[in-house]
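Remarks on the structure that follows.
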Amino acid sequence: MSSFTTWTLVLLAIATTALGFSEDYLDDAELGVPGLDASFDYVVVGAGAGGLTLAARLAQHRYRVALVEAGDFYELKYPLAAVPGAGIIGIGSDVNSSTPVDWRFVAYSVPGANYRDLHYPRGKCLGGSTGSNMMVYQRPNRETMQKWAELVDDNSYTFDRILPFFQRTANFTPPNNDIRHSNATASFNLGAFDERGEPLQVSYPDFAVPFSSWIKRGMESVGIPEIEDFNSGFLLGAQYCALTIDPHKKIRSSSEAAFKSSPIPRLMTLALYKKTMAKRILINTERRATGVEVRTGDLIYILRATREVIVSAGAFQSPQLLMVSGIGPASALEEHGIEVVVDLPGVGQNMWDHAFFGPAYRVALPTSTRIATDFLYLTEVVVQYLANRTGPLTTQGIDFLAFEKVPDELRSHFSEETIRDLSWFPPGWPEIEYIPVALYLGDFSDPIKHQPQDGAQYASIAGALVAPTSRGNVTIISDDTDDLPIINPNWLATKTDEEVAVAIYRRNREIFQSPGMEPIIDGEEYFPGEEFQTDSEILEVIKDTLMTVYHASCTCKMGVRNDSMAVVDSQARVFGVDGLRVVDASAFPFLPPGHPQSVVYMLAEKIASDIICWD
């Protein structure tokens with residue numbers, strides 16, 4: 001680690017300590033007793049957006065709930081995670097850049113990334129990946145939820161009917177446009193939220209990234225209009241986006257921080273088993289889940305579930321836990337000597353994810369490159385954050401997004417196969433997401449450490465493939481959950497994805513070279529350089545630099561019983577096993593466009609409601 005990076009981490013650690021992140025900050029929790037068998041109504045595995053939300057809602061209704069989490073509180077393990085401006089740390093493609101609250105997953109030798117090994121950041125802490133994500137809060141569009149409802153044969157997932165479950169978690173604070181710069185006014189739709197929503201904080205920072213106002217001009221000049229918001233069922237357009245940041249404390253609002261600080265009654269019937277690994281689901285001879293075998297340190301014991309076991313371990317570890325418990329593709333289980341309880345071919349299959357890539361330019365305005373390369377300036381912004389909770393560290397650096405279909409001029413070059421494949425997606429489903437990043441991206445191996453040291457300022461637009469047709473998979477390496485599963489994202493495995501990716505890159509360049517951006521562009525394209533022009537040249541650049549947007553999902557796909565690849569029904573119940581559900585992004589029937597944390601919260605709220613109302 002470079003001396004500058006070391007000083008960066010030290011200085012920010014001092015900042016977070018000064019904010020009071022210590023054991024005193026953590027309210028008393030009802031902690032389970034490691035090593036002792038115990039019995040509960042529900043055992044929930046995983047304390048991310050899905051598991052923690054679901055466990056809390058059930059406990060509010062006086063069900064006895066055990067919440068099993070392999071990690072610890074990030075406020076203690078890695079307090080930097082609470083500072084929005086530190087969100088960029090640890091998410092690079094090099095696993096050595098990871099933070100202390102990361103699982104350190106790696107997708108090895110990825111063909112679509114020119115056989116590079118790519119770090120797959122995942123939060124190992126209370127809050128799961130909401131303790132390490134980039135905090136974007138945005139919902140799918142109407143057509144997407146209609147498609148969801150059709151595929152799972154359940155109209156309760158249509159947009160208008162599912163909206164109350166999106167609203168239930170979110171406590172919305174509108175932007176303070178009186179404080180924000182006049183060229184960074186954020187629009188919003190108050191009607192997209194419910195004033196009774198709690199406890200997740202959804203807001204807009206008072207500080208707006210300077211680069212974003214120029215991106216807005218660039219978007220407008222190439223025909224991408226500003227729209228009101230991304231939470232009312234429409235996505236095609238551009239806007240300043242809502243973020244899961246506490247508007248009062250100016251810190252990350254993860255699922256853990258939200259539920260811990262909320263005004264809801266204390267969850268006396270919730271027992272938290274932190275630093276505890278789920279080893280296998282116990283299933284009796286009648287194919288009913290009866291509990292979970294867990295390990296805390298060297299102690300192995302059983303948590304019984306008199307009602308249900310709910311798995312919320314994420315897109316990689318939910319299918320892994322099912323498979324080591326005998327639920328999954330028979331051939332994969334038998335290879336590792338696992339007794340087959342239910343042969344479900346879809347477990348670990350159908351993996352969706354978004355990938356991003358894009359060029360970089362020198363720009364004539366301050367960007368996050370300065371924070372990463374100028375220690376005196378970093379000191380200044382840390383002091384600013386400490387003194388009055390203002391400045392660049394109050395935002396995660398990505399506050400403006402845009403979505404669109406591939407424009408006709410670029411679309412006209414698509415093959416018939418690509419046109420046919422893209423017809424599966426509804427008309428309002430975008431194919432491109434633009435993620436403006438006020439940094440040099442390159443191959444994103446370590447976005448802080450690898451900023452150019454030439455004194456110039458850099459910016460990129462990460463173009464994301466949000467209508468992917470390639471599907472990956474997750475499989476096990478052994479019968480032990482301590483051995484991380486094998487991840488195959490399988491990006492760019494189809495001609496369609498390759499053609500759309502090249503179109504995204506060309507469109508990115510159009511935006512950078514637009515009249516709206518011209519006043520701040522400092523010279524020619526810095527990376528990869530204007531000499532890369534043919535489709536094949538651009539595709540090689542994409543493969544050399546492609547990185548995940550951290551949205552792995554659908555590996556325990558929701559669907560109907562006659563779908564051979566479906567794992568759970570529309571109420572997240574695992575086919576073939578009673579008393580077992582999967583509630584997290586792995587249970588999506590497909591990955592909606594954009595950022596899925598709101599969808600995980602929605603699913604947890606809906607399933608909790610289904611359980612409570614049914615009972």
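Glycine residues also receive a Cβ, built from the backbone N, Cα and C atoms like all the rest.
Note: TrEMBL annotation is automatic and uncurated.
The C-beta environment of H551 (active site, proton donor), restricted to residues of the same chain at least 6 apart in sequence and closer than 8 Å, consists of W352, D353, H354, A585, L591, H595, P596. DSSP assigns H551 (active site, proton donor) to coil in the three-state reduction, outside any helix or strand. Sequence annotations record features per position, and here TrEMBL assigns active site, proton donor to H551.
Secondary structure at H595 (active site, proton acceptor), as computed by DSSP, is coil. Residues or ranges marked as active site, proton acceptor in TrEMBL: H595.
Feature annotation from TrEMBL assigns FAD binding site to N133, M134, M135, V136, P596, Q597. Residues within less than 8 Å, Cβ to Cβ, of Q597 (FAD binding site) and separated from it by at least 6 positions along the same chain comprise A49, S129, T130, N133, V136, Y137, T244.
Here the domain 'Glucose-methanol-choline oxidoreductase N-terminal' (314-328) returns a mean pLDDT of 99 for the predicted model. The domain 'Glucose-methanol-choline oxidoreductase N-terminal' annotation in TrEMBL covers 314-328.
The signal peptide feature in TrEMBL is assigned to 1-20.
According to its DSSP assignment, M134 (FAD binding site) is coil. Within 8 Å of the centroid of the Cβ atoms of N133, M134, M135, V136, P596, Q597, where the record puts FAD, the same chain has further Cβ atoms from T130, Y137, T244, H595. In this record, FAD is bound by N133, M134, M135, V136, P596, Q597; the longest C-alpha to C-alpha distance in that set is 11 Å.
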